[in-house]
Amino acid sequence: MSVRLPGASKPATAMAALSLPPLPLRAPPAAAPAISPPHSASASLKRLCKEGDLRQALHQLTARAPPPREHYGWVLDLIAARRAAAEGRQVHAHALATGSLDEDDDGFLATKLVFMYGRCGRVDDARRLFDGMPARTVFSWNALVGSYLSSGSASEAVRVYRAMRASAAPGSAPDGCTLASVLKACGVEGDGRCGHEVHGLAVKSGLDKSTLVTNALIGMYAKCGMLDSALRVFEWLQEGRDVASWNSVITGCVQNGRTLEALELFRGMQNSGFGMNSYTAVGVLQVCADLALLNLGRELHAALLKCGSEFNIQFNALLVMYARCGRVDSALRVFRQIDEKDYISWNSMLSCYIQNGLYAEAIDFFGEMLKHGFQPDQACVVSLSSALGHLGWLNSGREVHAYAIKQRLHTDLQVANTLMDMYIKCGSIECSAKVFESMSIRDPISWTAILASFAQSYRHFEALEMFQEVQKQGIKVDSMMIGSILETCSGLESLSLLKQVHSYAIRNGVLDLILKNRLIDIYGDCREVHHALNIFHTVEKKDIVTWTSMINCCANNGLLNEAVSLFAEMQKANIEPDSVALVSILVAIASLSSLTKGKQVHGFLIRRNFPIEGPVVSSLVDMYSGCGSMNYATRVFSGAKCKDVVLWTAMINATGMHGHGKQAIDLFERMIQTGLTPDHVCFLALLHACSHSKLVDEGKYYLDMMMSKYGLKPWQEHYACGVDILGRSGQTEEAYRFIESMPMEPKSAVWCALLGACRVHKNHDLAVVAANKLLELEPDNPGNYILVSNVFAEMGKWNSVKEIRIRMAERGLRKDPACSWIEIGNNVHTFTARDHSHRDSEAIHFKLAEITEKLNKEGYTEDTRFVLHDVSEEEKIDMLHKHSERLAIAFGLISTRPGTPLRIAKNLRVCGDCHEFTKLVSKMFEREIVVRDANRFHHFSGGSCSCGDFW
């Protein structure tokens, strides 16, 4: 048999093709038979190979020629283990030169060479050598299958197996090793069908009783996602199980996400008397990491220490387990104990810091890595980019990007995706887009990242164009992409686009719980409560986010009672509210002005030992002040241990809304003394307080402070407050000059403030200017038309009033009806003007007539100037008598004990006559009456109001 070295034309020239210098070879005499070396030489070579001394083994192999075939076999096994391809080629050349391959009738030596080349990654050389073999045994086929498998060519390994089956040569029938290798290849390829065929062959040939084959079957089925089949094979194995069997099935469960079953199997393994090895430990440590089972992880750690295991694979698994359980200190101790740290060790520790939010510490650790000569690889660049993104360190991120380009790591898909994410987090959308454009290969993560970057940076049309490109290229759209495009729908406030995306998600089957929750939010923003409610009802397993989204949707669209009812239903469904849900319901209760329900939620917080801090405590202050109870609001504020800017702002806003401008200023100054820096919202609350209390000079002072001292550029709302402060004090012309001096184009809020001031102070000429500007800027806001109409009515311009109302009708706009509500006991009772729908309507109207008659006797006269309708005087008086707040007051008087305070809320501004009426009622019946209208709070007591008749 003559088998030449791959790439050589004949044995004589084979040595010239080697990259290393040739070893001294001695050919045997032409006619002399081969002389076997003494027994001591054989034992010596075997010992050298066992000890791993390759150099001496090679020297001894070539000391005498020709050596026995088993000597070649020992040395080639050592070369394969070392993956020393150059030395393997030298031995191949030696075998050719000595004629050992010519005498290799059974293919033993050639098979050893095929195996060696395969293990050294020289699969092409292995294949050429195999193809030149005149006779092939099962061992030769196995060697070639193994060569392809170890080189990552699993599909080629399967093809060789099929060729082996087709050859039907004597002595080449697949054995247990063949099937085990092919099953591993099927697992790598995820080819369950082929694996099933191999399983059938194993059963037919009786090889299914081999533990080696059954273990491979378990591994194959698990990797192909057929875990139930893997478990059936494991159950069938019964008495034939070994440690590898248990390891295979435990690892299979972990790979398929069935970690609890993996844990049960591990317990079963222990109960069956099997001791764990390093592979068991790694598998179970992964379970501990996935389920955050810190105590079990510690038990395994102790067991590994007792048995003296010091393999890096175990240390690395321990490190990852501690990292996933949030124990960075323990992970670091394990890392320090590793004597020979490999790339996995360094990268795992770096990832540990990042997973636990210690981004600055991760950067420091990276410096340590560099000091130890560690060359950042792909995994390191990914981790480092993630840390820099969270820190927002753009310049350092660019340096990492440059390094990745220099080392040609930027072409890696994961690296490119992480670089995109890093640039997005650093606010550099352009750089992120450039990375995306430079990518030759993109996956759904790449497309999702670029879509999210455009949507989050308000580049909505670019996001839509990118989504269209996704569809053109036939890329499978997932829920993450839909989530990004939904943000675009929200940003564009496009109901039609939202419905299209919703339909697309349904058709493509990507409408998961997260998307449904987001759809509820966005439909709520578009004031489509009906659609939001339909989605809510389709969700079978509602989570806390689902309930919170629906509560917010109702609350933000004025369905306050429905929001409160949903909160009660959520509790009945045994869903524990979180801080977000509690803040949402407190906002709804504040808008509803339901003190009883607010106290119930506060009591719930106390009973559940919920931390009264952060957004929750601020919402409690807002809720109590919104319900008219400044005493409770102050107590909550005073009891807060940590007061941030949001809490101070809530309290400043509360005091301002209740007409205590001086107190609001005092609170602001106290906040400054604590070292906190006010933000835009804080100044807005302060300016509102100045406006409600007619503190003109103070308002001007703090508006100037906001810009000059704190460098805050005012919003439109701040300028509107400035106009309101001047306008309320009668300085309407100065307010107009203030508008003209604004560095930006004034929006509707500014003109609305001016129009309201002009109405109060009868500056009709300026009112017309403000009215025209207001309708020009917001032609679809019915509230603006009503305000303008009322101004024209006060001016007696009834033709203009008629014209405004016609324009409203043409646009299909309707005025929100005035309504008032009062809480009695645990129920909220709502009234509209001239309302007769209440069950106690007859008693309410009788009481109201009685009150009006008594007040008239005391000198009260209706001021019909506040009836802005072109009707008779008698009709105007009748309309005033039936305003909604009067009905609420009458109902409160007949439903409560004498002396009980009445708390009433109204969706519009209280008219001047009803304001005077309420003052007189508070004096006559000796009641404190708190009224919250659209502008502020009015505390009526003893015939006077806290607003000082200024609102």
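Cβ coordinates are placed from backbone N, Cα and C, and glycine is handled just like the others.
What TrEMBL annotates here:
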- 859-951: domain 'DYW' (DOMAIN)
- 137-167: repeat 'PPR' (REPEAT)
- 242-276: repeat 'PPR' (REPEAT)
- 342-376: repeat 'PPR' (REPEAT)
- 443-477: repeat 'PPR' (REPEAT)
- 543-577: repeat 'PPR' (REPEAT)
- 644-678: repeat 'PPR' (REPEAT)
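Panel annotation: around the repeat 'PPR' (242-276), residues 211, 214-215, 218-219, 221-223, 225, 227, 230-231, 234, 283-284, 286-287, 290-291, 293, 296, 303 of the same chain, lying at least six beyond its termini, place a Cβ under 8 Å from a Cβ of the stretch. Beyond its flanks by at least six residues, the repeat 'PPR' (342-376) meets 312, 315-316, 319-320, 322-324, 326, 328, 331-332, 335, 383-384, 386-388, 390-391, 396, 403, 407 of its own chain at Cβ-Cβ distances under 8 Å. Summed and averaged per residue, pLDDT over the repeat 'PPR' (137-167) gives 89.
As a summary of secondary structure, the repeat 'PPR' (242-276) carries 26 helix, 0 strand, 9 coil according to DSSP. Secondary structure of the repeat 'PPR' (342-376) per DSSP, as helix, strand and coil residue counts: 26 helix, 0 strand, 9 coil.
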